[in-house]
Amino acid sequence: MLSKLLRLGEGRIVKRLKRVAEYVNTLSDNVEKLTDVELKAKTDEFKQRLADEKNPESLDDLLPEAFAVAREAAWRVLDQRPFDVQVMGGAALHLGNVAEMKTGEGKTLTCVLPAYLNALAGKGVHIVTVNDYLAKRDSEWMGRVHRFLGLQVGVILASMTPDERRVAYNADITYGTNNEFGFDYLRDNMAHSLDDLVQRGHSYAIVDEVDSILIDEARTPLIISGSADGASNWYTEFARLVRLMDKDVHYEVDLRKRTVGVHEKGMEFVEDQLGIDNLYEVANSPLVSYLNNALKAKELFNRDKDYIVRDGEVLIVDEFTGRVLIGRRYNEGMHQAIEAKEHVEIKAENQTLATITLQNYFRLYDKLAGMTGTAQTEAAELHEIYKLGVVAIPTNKPMIREDRSDLIYKTEEAKYMAVVDDVAERYEKGQPVLIGTTSVERSEYLSRQFTKRHIPHNVLNAKYHEQEAGIVAVAGRRGGVTVATNMAGRGTDIVLGGNVDFLTDQRLRRRGLDPVETPDEYEQAWHSELPKVKEEAGQEAAEVIEAGGLYVLGTERHESRRIDNQLRGRSGRQGDPGESRFYLSLGDELMRRFHGATLEALLTRLNLPDDVPIEAKMVTRAIKSAQTQVEQQNFEVRKNVLKYDEVMNQQRKVIYAERRRILEGESLQQQALGMVRDVITAYIDGATTDSYVEDWDLDALWSALGTLYPVGIKHESLTHADEDSECDELSRDELLEALLIDAQHAYAAREAELAELAGEGAMRQLERNVLLNVVDRKWREHLYEMDYLKEGIGLRAMAQRDPLVEYQREGYDMFMAMLDGVKEESVGFLFNLAVEAVPASHVAPVEIPEGFTGLVADVEAIRPREEASSALRTKDIDNESTGLTYSGPSEDGSTQVQLNSGGGQKTPAGIPVGASRRERREAARRRGRGAKPSRSVKKR
């Protein structure tokens, strides 16, 4: 219903965009007359008009002229002139909408127009793609247009150094993947120097395949983590146990909800095997998680469908695209359970150091827009989460593809035999065929069947995705047969007769030409080679059209209608003929999860042979209903992820703002003195809770304060015994005032001591380093605590409490306690940290520490306002660097992990190898408490 309401004003928006395109057309004649130099000069003219102090123009004012200029530049450079519908799409993107443009309508070229316009403001434009290949390709291909107009274009790739990233972000337009943009944001907020920052703000982003990135991948947060412990023997032990357990005897499985439940008989079996009395005793509670994960690994995660095993490593397969997600690992011990199941090396679990969801990352942008071929089914979610409207842009030519009704077979074997027969028939007449499967296993099974029938074909799946662009580019040629695990986010058009741009680029690269390295030679060769390729491809395209165009054959319905529509959408681009059909069976996962028994009963009553299909509207309705249910479930999951992350998001904003303030060189003297005041006040409040002065344990208070700073007064001097009482009445306020004055004197003495040691401004330098390192360490500990809290918060529902409300309340309490801890530890370090002077020229660059291993001062990195003649260095610090792990949504699917080398991984002191999360948490708490002076100083 909400989707329908959101579409009510769509017609008016499309009419408005059409008027924009018509106005741009009226400017075309004048723009065409400009020379190349004059066309390029328009960029500087537009910038001056934006910056005019007397009568500045807005980007909206410049839109028609800027679009006309960019359109003409695209024609001169690429031999491609954006159609009116592409101009409409560009205007929709500039206005902050999602432009729904069907496959083959030229989304990549459309993006050039709003990117050029918004780059004129000088704040940077980020263009987000689904993988590194597309980011590099588009930055080179479309970057030719922008460079022709005098703009700088950068690209962010996973392999780049921070210096290379900084250059790319300083360009006018920056291409990259959602993961790279997000991880750079997190890394910037882990940096120890302004010089380490790479991003320069979040002004405007255009997200390609916006539904894939903002919807499908939104369930998976971006996480930077470090090693937390070694592998546990419990994973292996429970993998052995569950192999001995029987489904429906020891445990039950719900495929629809993807859950497992252990029966009483199963618990007794595990208890007998482990020799324990009660699995659910507090001491044994970590074992329950191992058992549940082992059962899920056995029943819910299937080899060659959900993951593959390659070179002794478990690699996750993306459910949406069928690609291998190199390095991706499930959280909460799930990946270790699968490794134990497959008898491969069990790798250590990680501890979160920084995290953000894609929803909250993209909401950082002042303006956000996106492009996709399928967005209407998700219009409500895009509006609710991101405040993005969806505008359906008309196709340039009418769609004439024929979408055939589904064929349903009783068995999977009969279905696949029918698929092979159909493909063989199409191949004989020269019609190209694209077959979509949902798993690597199915694609390889079909490949073997085609080989038996001597049908030449290409396989495009998780195991061979390196060659995917080349395979897709020729998938529309005569007699081409392509088997693909899924077609979401492939990024290369299937053009009848072959993709002309790709084939031309391929030929030029074989000759050693590159659009970035050798731009002049490349441009010259492009214009001479392109007509030849067009002529060759045009002749073949005519033959393919005669044969019926591209035939898309789906072998299974996906749980998302969008993925099905994306597969269909590969055929019938730009008014070409085409055809699509889905072959289904009762063994398909969607059928088994929803209404499988009903459909099987229907086929049994009809008494049809296995190889005879049925076409029934009832089945189509059942499938649509099932897909709608799954989509709604996934929407609820994503909303739930966002609700929980919103708690962290508010806390993250506070911490990141504080870090940035420290980095940017503001004087922290008043803040440090404020911390001293707050901590001493808290100690005194803890010591004076008893109403009678004689009950105060001032000796304990002085002892505790002595661990913070060198106390210069004795409490005896504050009290004077007389004849009538043990001591004069001493008020809490008098005690506080005396100690605060004493602490201020001690702080001034500490500052003088450091000034003598390392020169004027040394104390400011120490303040900056102490606060930065303490904030980082306490924030990491807090993330760990919040992970643990969220892990078990769902159990609060059993006590009739809302888990989200409980998470918000306890998360807030933990955050405030963390801030108190930051103050307490910072004060202790400021007064007591042993430092030495080091000539500034000999100071090594500061490395980002894995944990709180020390405070390293660096004049250049920290940039204090008052320069010290020498740098400060803490003594007896073991600087340990540990490799970081980057976990987030895959390039165009669910999740991936990227490892960053950085020294040997060590288990933190005091934490046993193989420790459970609960054990690690308690050890971390004990370790953290060791450095803190106790506040409990009341007299007993």
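Using the three backbone atoms N, Cα and C, a Cβ is placed for every residue, glycine included.
Swiss-Prot lists Gly104, Glu105, Gly106, Lys107, Thr108, Asp493 as binding ATP, and of Gln86, Gln524 the one it places in that same site is Gln86. In this structure, Gly106 (ATP binding site) belongs to neither helix nor strand by DSSP; it is coil.
Each of the binding-site residues Glu105, Asp493 was scored by other CB atoms within 10 A of its CB, and the lowest score goes to Asp493. Mapped onto three states, the DSSP output places Gln86 (ATP binding site) in helix.
Counting only same-chain residues at least 6 apart in sequence, those with a Cβ under 8 Å from the Cβ of Gly104 (ATP binding site) are Asp493, Val495, Gly569, Gly572, Arg573, Gln574, Asp576. Of the listed binding-site residues Gln86, Thr108, the Cβ environment within 10 Å is emptiest of other Cβ atoms at Thr108. Binding residues for ATP (Gln86, Gly104, Glu105, Gly106, Lys107, Thr108, Asp493) extend across at most 16 Å, taking the greatest CA-CA distance. When the binding-site residues Gly106, Lys107 are scored by other C-beta atoms within 10 Å, Lys107 scores highest. Report note: the ATP site is defined by Gln86, Gly104, Glu105, Gly106, Lys107, Thr108, Asp493, and the residues of the same chain whose CB lies within 8 Å of the CB centroid of those residues, excluding them, are Met101, Thr103, Leu109, Thr110.
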